[in-house]
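J.: Following this message is one structure expressed as structure tokens.
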Amino acid sequence: MDCTKCDRDAVMHAAYSGAHLCEPHFLDSVERRVRRRIRTDNMLSPDTTPDDPETWVIGLSGGKDSAVLTDLIEETFRDDPRVELIALTIHEGIAGYRDESLDACTTLAADRDIRHELVTYREEFDVAMDDVADDDPLDMAPCAYCGVFRRDLLAKYADEYDADKLLTGHNLDDEAETALMNILEGNVTQIATHFDASLGSFDDRAELDAMIPRAKPLRDIPEKEVALYAQLRDLPVHMAECPHASESFRSDLQEVLLELEDRRPGTRHSIMAGYEELAGIAADEYNTDDADVGECSDCGAPTTRDRCRKCTLVDAVTSV
Ligand code: SF4
Ligand code: ZN
């Protein structure tokens, strides 16, 4: 099949738009969509001068999404003295998964001359996700623990590096899954704070308020296109999936969404268009003034409870 824009062979077909694209036109189309998101997303315009650069932390996991994000952000802001990048990798302690992806992170950061930091659940909480998944003291999916731990570390280290923004590699599929998850769980608070808390769930209003601004520059790009972009650009990427991922609700929704998209191309785009409209309406109704924000009696993190969710979970998994 020929490219829709020239007579080279197409390397991909986007059923949702009907386009067949050759390699150069496909790469260009991904870059244009990401740059448009960077331009239209206020959070991604550096609001400073070269004497006082902003620090942007990129969550770099070694998977395709964060590799493509790092690649595109570094390229876009390479010559911009107003932005300094730090790549932050979080090691959860998952055998046969994170060590390999860490190599990919190290290679990419070194290649792009980006400061690279590594933090581990072992050093921070004295736990490894493999043990948490085995013991499972609260009878939850592994991701329910892991998400709380990761969020805590992202917030803690973003604060430590005095970061102005946190960038993550969530793609269109991730976003549509999160939207469906919030609707199916009836989580109106999450829907109402969609535009504030763009990194998935948080435990209470205090935690949300304490978050540094987040941005997801890949949120318009379908997962398959991110994977193809990483492959065609030959980026160092670890393609394996976390062995605990299949136990999550998200993973069930992923299957449903892939099937729906296959039968009705454009489903992900329409979910997100509707969800953002709904989030805007819900945000107008959502009252944020009543939260009684204090500090966790153990770690000092902002919370509306006596102890934050992370400290409660760490206790549960270390006292097994
Ligand atoms: Fe953690 Fe779940 Fe992600 Fe695995 S899939 S790294 S357990 S959040
Ligand atoms: Zn705490």
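Just so you know, glycine gets a Cβ as well, placed from its N, Cα and C.
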J.: According to TrEMBL, GLY59, LEU60, SER61, ASP65, GLY169, ASP174 bind ATP; which one of ILE38, ILE90, ILE94, ILE212 is listed for that same site?
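T.: Answer, per TrEMBL (ATP site with GLY59, LEU60, SER61, ASP65, GLY169, ASP174), from ILE38, ILE90, ILE94, ILE212: ILE90.
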J.: For the recorded Zn(2+) 2 site, whose residues are CYS296, CYS299, CYS308, CYS311, find every other residue on that chain with a C-beta no more than 8 angstroms from the centre of their C-beta atoms, and list them by sequence position.
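T.: Along the chain, the qualifying residues are SER297, ASP298, GLY300, ALA301, THR303, ARG307, ARG309, LYS310, THR312.
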J.: Suppose we screen the binding-site residues HIS25, ASP174, CYS296, CYS299, CYS308, CYS311 by Cβ distance to ligand 2 with a cut-off under 6 Å; which survive, in sequence order?
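T.: Those binding-site residues that pass the cut-off, since their Cβ is under 6 Å from ligand 2, are CYS296, CYS299, CYS308, CYS311.
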J.: By a Cβ-Cβ criterion of under 8 Å, what residues six or more beyond either terminus of the domain '2-thiouridine synthetase TtuA-like N-terminal LIM' (3-27) are in contact with it?
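T.: Here the qualifying positions are 222, 225, 228-229, 232-233, 261, 265-266, 268-269.
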J.: Find the longest CA to CA distance in the recorded ATP-binding set GLY59, LEU60, SER61, ASP65, ILE90, GLY169, ASP174; express it in Å as a whole number.
T.: 19
J.: In DSSP terms, helix, strand or coil for GLY59 (ATP binding site)?
T.: strand
J.: What are the sequence-distant neighbours of CYS3 (Zn(2+) 1 binding site), meaning same chain, six or more residues apart, C-beta distance under 8 angstroms?
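T.: The answer is ASP9, ALA10, HIS20, LEU21, CYS22, HIS25.
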